[in-house]
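Just below is one structure, and these are the notes that go with it.
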Amino acid sequence: MEGVDYLADERKKTEFDVEEMKIVWAGSRHTFEVSDRMAKLVANDPVFRKDDRVMLARKDLFKNTLRKATYAWKRINELRLSEEEASKLRSFVDEPAFTDLHWGMFVPAIKGQGTDEQQKKWLPLAYKMQIIGCYAQTELGHGSNVQGLETTATFDPQTDEFVIHSPTLTSSKWWPGGLGKVSTHGVVYARLILDGQEHGIHGFIVQLRSLEDHRPLPGITVADIGMKFGSGAYNTMDNGLLRFDHVRIPRDQMLMRVSQVTRDGKIVQSDVPRQLVYGTMVYVRQTIVQDASIALSRAVCIATRYSAVRRQFGSSNGGPETQVIDYKTQQSRLFPLLASAYAFRFVGEWLKWLYTDVTQRLQANDFSTLPEAHACTAGLKSLTTSVTADGIEESRKLCGGHGYLASSGLPELFAVYVPACTYEGDNTVLMLQVARFLMKTVSQLGSGKPPVGTISYMGRIEQLMQCRCAVKKAGDWLNPNAVLEAFEARAARMSVSCAQKLSKFSNPEEGFAELSADLVEAAVAHCQLIVVSKFFEKLQQDIPGKGVKRQLEVLCGVYSLHLLHKHQGDFLATSYITPKQASLANDQLRELYSQVRPNAIALVDAFNYTDHYLGSILGCYDGNVYPKLYEAAWRDPLNDSVIPDGYEQYIRPLLKQQLRVAKL
Ligand SMILES: CCC/C=C/C(=O)SCCNC(=O)CCNC(=O)[C@H](O)C(C)(C)COP(=O)([O-])OP(=O)([O-])OC[C@H]1O[C@@H](n2cnc3c(N)ncnc32)[C@H](O)[C@@H]1OP(=O)([O-])[O-]
Ligand SMILES: Cc1cc2nc3c(=O)[nH]c(=O)nc-3n(C[C@H](O)[C@H](O)[C@H](O)COP(=O)(O)OP(=O)(O)OC[C@H]3O[C@@H](n4cnc5c(N)ncnc54)[C@H](O)[C@@H]3O)c2cc1C
């Protein structure tokens, strides 16, 4: 029935002010209002329709994306949207496109690594989209190991130019989004060669296509790399390949904030650390953490609403069957994901602050917090994307068979999301960077330089190595100090144990390689501690609205205790807790699930997602799932005719043959 809210009874159970929770989720009233306005603008515009996407062949799909991206740009200009509004609008269009890389990497690379003069020249062109850019770093043979890139940029002092060249097949650029068919320019990463000597990897602005007819410029070979995982999904993006045959660019197109090359071909290093060449990746990793909470919350919203609609077993006297959300097993799989979505939201908010802080310091030539910013962005990118990718797949399973339908929205969400575990740094490679930072911190303990920021707990290492958990009853696990100490002791002990094992190797690099699996586990423990502690910090803030803070306390409990339960091996092996205390944590967790249950629907309503953005019949706001599934089935092109194409050619002769066999 039109207009009926099938989840109304669920919504009546809510114990908190959902409107206020929407503000908490958005980050501020202003952000909420902008998001809400942009989401509705996109949802109400038929050009942004996306339910047909999985049916389209690649060429049509790509052209459709070009149409939407161009139309979005037109609307942004017509409505004179601010940068914030424009970025929200693009995100609600919800379709990977060349614009993601233009705004998300090309522009930030010029901003972060270009001199003032270079910014003045290139940014206005990019802001007006008079040039379209991509970020061309990865090569066919080299992705994780940036120092292993093979593309060369050789300075020619005769002409005051760099010669960009791809010396081997494996040096072909491979993967950059927007490169395959659209970008006119790229920030290309290459090995700088001056007078026959190598000077490491640097970024160069290179024009790739003519601004007149879009043809590749002389010496440039460029194409799309082909279909990727899933239908629809990331295939809207033209990830590309690119080869250079001695392509010449003016000297001033090397991004020169970190190092400058003079007219006579000498390199001048500024005070800026060389790692700032990697600055765009740090920026994007930070945004990926914020995006993880969005992707996970979408999947959880779908799975939660559908779990309240779906009923299986337990009917007595002809009454309705049990809502699957009432099964404890369903709760123990779903509610930790719900809590993780909120946890990632808050840690993402904090990471954005950290990034802004480090950027301001860098501008004042204070580089002291750069190593921590690198470790936090790398580690949290790795942790949150891994959990989110697994969480989307778990949400699909939580929806049973119907979760496998494209119309559930989950298969496409998964296919679009999973590469986040790989791009911007493979998750294992990034966790090893965190481990390197942890080992360095442990080795410097006692040097008189106290660890600060997210690593400051290491300053209490003696206490953390000796303390024992004081929990006596399940309710004691609700005490934030008990939980924090447990996570700190676990992280500290795992790091120290790795450092002790490492010290037995005469060659530290060999030891690091040998122990790398243990080191990744220690890094994960450290990153989980950051998320838990940032959730507790959020709860210290003034949070208005009836029952809002209480719900967040419950979710924080679910987040931390489900991790404690899942990783109880770590907590037991490091002798911080006893098996009895582990069991009490699990008892408390079960109790918390019961407290989440009546509020579950309202907690996902607080994400404020439109049905358009969710793109899921199972997750639609009114819960009217079955008629919508039935109607959607009829819209499938296969159902355009009763007798399928191919009947005469294949099915009929087959059946005829069966008939002949039967007559024999
Ligand atoms: C929408 C999707 C679009 C996708 C786009 C893409 O995927 S784009 C492509 C994305 N591609 C990728 O993401 C590729 C991933 N790979 C990489 O980022 C690098 O190759 C690496 C970090 C793995 C190794 O780096 P390396 O070989 O240079 O060296 P090393 O390990 O020997 O470390 C030396 C020192 O540098 C430090 N340090 C390192 N990074 C940073 C940083 N960002 N900041 C600050 N510091 C940093 C490190 O801590 C260490 O410090 P220490 O101990 O001396 O005090
Ligand atoms: C959808 C998508 C979009 C992308 N967009 C861009 C873009 O716009 N621009 C761009 O430049 N690049 C882009 N990339 C490339 C991306 O950044 C790389 O794929 C990524 O950095 C991983 O590198 P790799 O492919 O070399 O993986 P590999 O390093 O080859 O990884 C293979 C395996 O080896 C393991 N491994 C590697 N090194 C180590 C180690 N030291 N220790 C232990 N294990 C290790 C990894 O964990 C992984 O299991 C994109 C990739 C994808 C999938």
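The backbone N, Cα and C atoms fix where each Cβ goes, glycine too.
TrEMBL labels come from automatic prediction, so no person has curated them.
DSSP assigns Glu424 (active site, proton acceptor) to coil, not to a helix or a strand. Residues within less than 8 Å, Cβ to Cβ, of Glu424 (active site, proton acceptor) and separated from it by at least 6 positions along the same chain comprise Met281, Val284, Arg285, Ile288, Lys381. The annotation active site, proton acceptor is assigned in TrEMBL to Glu424.
Under the heading FAD binding site, TrEMBL lists Thr138, Gly177. Classification of Thr138 (FAD binding site) by DSSP places it in coil, neither helical nor stranded.
Among the features that TrEMBL reports, domain 'Acyl-coenzyme A oxidase N-terminal' is placed at 17-132.
According to TrEMBL, the domain 'Acyl-CoA oxidase C-alpha1' annotation covers 278-439.
The annotation domain 'Acyl-CoA oxidase C-terminal' is assigned in TrEMBL to 479-656.
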Among Thr138, Gly177, the one of these binding-site residues whose Cβ has the fewest neighbouring Cβ atoms within 10 Å: Thr138
Summary of DSSP states over the domain 'Acyl-coenzyme A oxidase N-terminal' (17-132), given as helix, strand and coil counts: 90 helix, 0 strand, 26 coil
